[in-house]
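For reference, TrEMBL has these:
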- 24-46: transmembrane segment (TRANSMEM)
- 39-286: domain 'G-protein coupled receptors family 1 profile' (DOMAIN)
- 58-80: transmembrane segment (TRANSMEM)
- 100-118: transmembrane segment (TRANSMEM)
- 138-162: transmembrane segment (TRANSMEM)
- 198-219: transmembrane segment (TRANSMEM)
- 240-259: transmembrane segment (TRANSMEM)
- 265-288: transmembrane segment (TRANSMEM)
């Protein structure tokens, strides 16, 4: 490695096959990024300020909002900078940091959706013991475990990726420092890192998806045994938002993995769905059909308006 001139800066070439669409994409993605930040901030505000939302379900929803804020901010600012004409340069250290947080938050997402499915499983299948099983200590342990697992996962992949020498070229054919795009620039054989990365990410996603399917299979069996139509509808409504969010996350991944040779543009679209679209629509999914969240948000806005009126009168 001492005989090589090491790369100190990478150049992100942006979204493949989108030349000439920079202004339109800049407007679209900046709007979505602003909506993602605002929506998730409002969800966090509602959960932290309303005592009625201090339950395990909303505790994990708050964690999801924190994740969404961080996940979209991992790649969106640099992408918007490139689309606005500021260039796609990123330092070697910046690339390492972006790679780490992308995989850390991505792994955390998989585990968090699995934990949220388990929470719904306990709530539907064991309603009388729900508060005992999902007590404060258990919720904190599960949430901490998801974040710690994400850190371990990201540390492994980042170490494998950036322990290799990079001596040129330095142009990353993507819009952020993703593992497959960066490994193409390594000066040494990167097959081990590629195999470990693909196996790690794929196996992790499959295990989490399998556990989610098992949880909702049990939930479906329990709902089918409820005699009253109103009871079945109430039980299903508590799970519908989470099911919708899971389909938004895993649906595109399933589509791209079914393609034998996915195009670079299709891969970028799938990544953008994960990085930007899902954090944008999650607040809508979890708030539009949730009376408690909407009531908490109305209370926050009313309280804010009253405080402004008091300040004006003073």
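Just so it is clear, glycine is given a Cβ too, placed from its N, Cα and C backbone atoms.
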Most CB pairs under 8 Å with the transmembrane segment (100-118): which of 24-46, 58-80, 138-162?
138-162
Integer average pLDDT (0 to 100) for the domain 'G-protein coupled receptors family 1 profile' (39-286):
85
Distant-in-sequence neighbours of the transmembrane segment (265-288), which means Cβ under 8 A and at least six residues beyond its ends:
15-18, 29, 32-33, 35-36, 39-40, 42-43, 46, 61, 64-65, 68-69, 71-72, 74-76, 106, 174-176, 178, 241, 244-245, 248-249, 252-253, 255-256, 259, 294, 297
For the transmembrane segment (198-219), find every same-chain residue at least 6 residues outside the stretch whose CB is under 8 Å from a CB in it, and list them.
103, 106-107, 110-111, 113-114, 117-118, 120-121, 124-125, 153, 156-157, 235, 239, 243, 246, 250, 253, 257
